[in-house]
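Step one of this worksheet: look at the structure below.
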Amino acid sequence: MCEIIDGRALADKIKDKIVQEIVKLLVLPNDGNRHPNLAIILVGERPDSKLYVARKEKEATKCGIDTHVYKFAEDASEQELLDCIGFLNRDDLIDGILLQLPLPPQFNTDKIVAAISPDKEVDGFHPDNLKKIYAGEPYQMPVLAAVILEILTSINCNLQNKTVALLAHSDIFMNGIGEILKQCGAVILPCHYDENSKNNLQICTKQADIVITAVGKKHYLTADYLKPDAVVIDIGIIREGDETFGDVDFASASKVASFITPVPGGVGPMTIACALRNVLELYKKNKKF
Ligand code: GUN
């Protein structure tokens, strides 16, 4: 029997803890008597990005985190964005900066992310953070890595010697995640999504105890990609009109998997909760007043 991992319930637990901690910080007599503050930068008019930002604002407010959304036109210049980031980096009220991705094509995403102060960058994408991950130094947990580890912990899945297929188009979201899972004892299998060689992909994924997919191809992952009792974490988000789909063909994969995250209601809500937790961590670590 396959168990469905309830991402909304897990996210609620994380957000409850954030609320409790913020309430405690706010009642301390000489410290922490302001709410954490999150700046969100949104460029352009993508409906999905607007929706995700609106959700982040709503959930942040519910947790006691104040938000400030900076909106830029689709044709904004790189300099305008860099100026805004410079302003937010210098503003001692701002604890966390979240740059909603993807950016329109004229932007060099790596350059813009690197301009965010590493002490304020929420997602854990900053190159200084990645260097720390690979150097084995203390680092800020990237949001997506936190989501994966929370999900695995919730089902008592220890990563020691577990084989993991990590499937993604090379992408800023997945940077460092393989390394973090390796440091937790996992063996990362050399699986790559390739539209034209599904057989090779299946040979690889069928060896995996855990399949993590962030490819963005609607329902491509069916039961015949899975080893019996595999754990399946679906990070794919495909929006069609008002509907959201994942990479995993749930009806088929759930016949073989032991645990599976649904889309919607799996990774999505947890991404918001783990991002908000990072804001609180940055606030506690770097707050100047
Ligand atoms: N775009 C879609 N999801 C995310 C996310 O979790 N963080 C950022 N920065 N951009 C996104």
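Cβ atoms are placed via backbone N, Cα and C, with glycine included.
If you look up TrEMBL, you'll see ILE237 marked as NADP(+) binding site. Here TrEMBL flags 5-123 as domain 'Tetrahydrofolate dehydrogenase/cyclohydrolase catalytic'. Residues or ranges marked as domain 'Tetrahydrofolate dehydrogenase/cyclohydrolase NAD(P)-binding' in TrEMBL: 145-286.
Helix, strand and coil residue tallies for the domain 'Tetrahydrofolate dehydrogenase/cyclohydrolase NAD(P)-binding' (145-286), in that order: 55 helix, 28 strand, 59 coil [DSSP]. Note: the domain 'Tetrahydrofolate dehydrogenase/cyclohydrolase catalytic' (5-123) comprises 58 helix, 19 strand, 42 coil (DSSP; helix = H, G, I, strand = E, B).
The number of other CB atoms found within 10 A of the CB of ILE237 (NADP(+) binding site), across every protein chain shown, is 18.
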